[in-house]
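Notes for the one structure printed next.
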Amino acid sequence: MTEKRKDYISWDEYFMGVAELSAMRSKDPSTQVGACIVSQDNKILSMGYNGFPKGCSDDEFPWGKGCEDPYETKYFYSTHSELNAILNYRGGSLEGSKLYVTLFPCNECAKAIIQCGIKMIIYADDKYGDTPAVRASKRMLLSAGVELVPYKRTGRKLEVIV
Ligand SMILES: O=c1[nH]c(=O)n([C@H]2C[C@H](O)[C@@H](COP(=O)(O)O)O2)cc1CO
Ligand SMILES: [Zn+2]
């Protein structure tokens with residue numbers, strides 16, 4: 001064996017794979033989102049998925065979305081994957097980093113992304129792209145000079161046995 005392996009995963013597959021794996025930790029019955037923050041030299045700095053804040057039980061707080069009373073829906077309580085990834089980072093500055101995320105960030109996450117210095121977003125899905133929240137998000141991110149890169153799935157299936 002004198003040559004290196006050829007079928008190793010790319011950086012993009014690696015980081016989006018970590019974001020996808022993080023999403024698998026989400027308890028949200030309808031949408032699971034994962035995020036992975038990476039330094040400019042390709043080191044993973046943080047990860048996150050959508051869920052309730054520490055101390056707010058997954059079994060006691062509501063996961064519903066259709067209920068008329070917003071107090072009884074998940075929207076008041078769930079922390080988005082991107083915000084969790086930002087808040088999970090305890091190492092200092094995220095200035096100049098990249099965010100791999102399975103779903104395009106909303107307007108609230110966009111504010112945190114801009115303010116913490118993330119400079120590039122690589123996103124896999126944009127299913128809420130037509131909503132005012134995501135349109136407002138793109139408006140802010142573009143204005144702040146954050147690069148928005150749609151992730152091109154390679155179609156490679158990664159199997160992990162745990
Ligand atoms: O960027 C996002 N990041 C993120 O983590 N989320 C979370 C919040 C909710 O738990 C879930 C969205 O739920 P639903 O698709 O049922 O409305 O995804 C939602 C967005 C929306 O763009
Ligand atoms: Zn968000």
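Every residue, even glycine, has its Cβ placed from backbone N, Cα and C.
Summarising the annotation, TrEMBL assigns active site, proton donor to Glu82. In three-state terms derived from DSSP, Glu82 (active site, proton donor) belongs to a helical segment. For Glu82 (active site, proton donor), other Cβ atoms within 10 Å of its Cβ number 30.
Here TrEMBL flags His80, Cys106, Cys109 as Zn(2+) binding site. The local packing around Cys109 (Zn(2+) binding site), expressed as other Cβ atoms within 10 Å of its Cβ over all shown chains, amounts to 27.
For 10-148, the entry in TrEMBL reads domain 'CMP/dCMP-type deaminase'.
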Long-range neighbours only, meaning 6 or more apart in sequence with Cβ under 8 Å: which ones does Cys106 (Zn(2+) binding site) have?
His80, Tyr128, Ala133, Val134, Ser137
Between the Cα atoms of Cys109 (Zn(2+) binding site) and Glu82 (active site, proton donor), find the distance and write it as a whole number of Å.
6
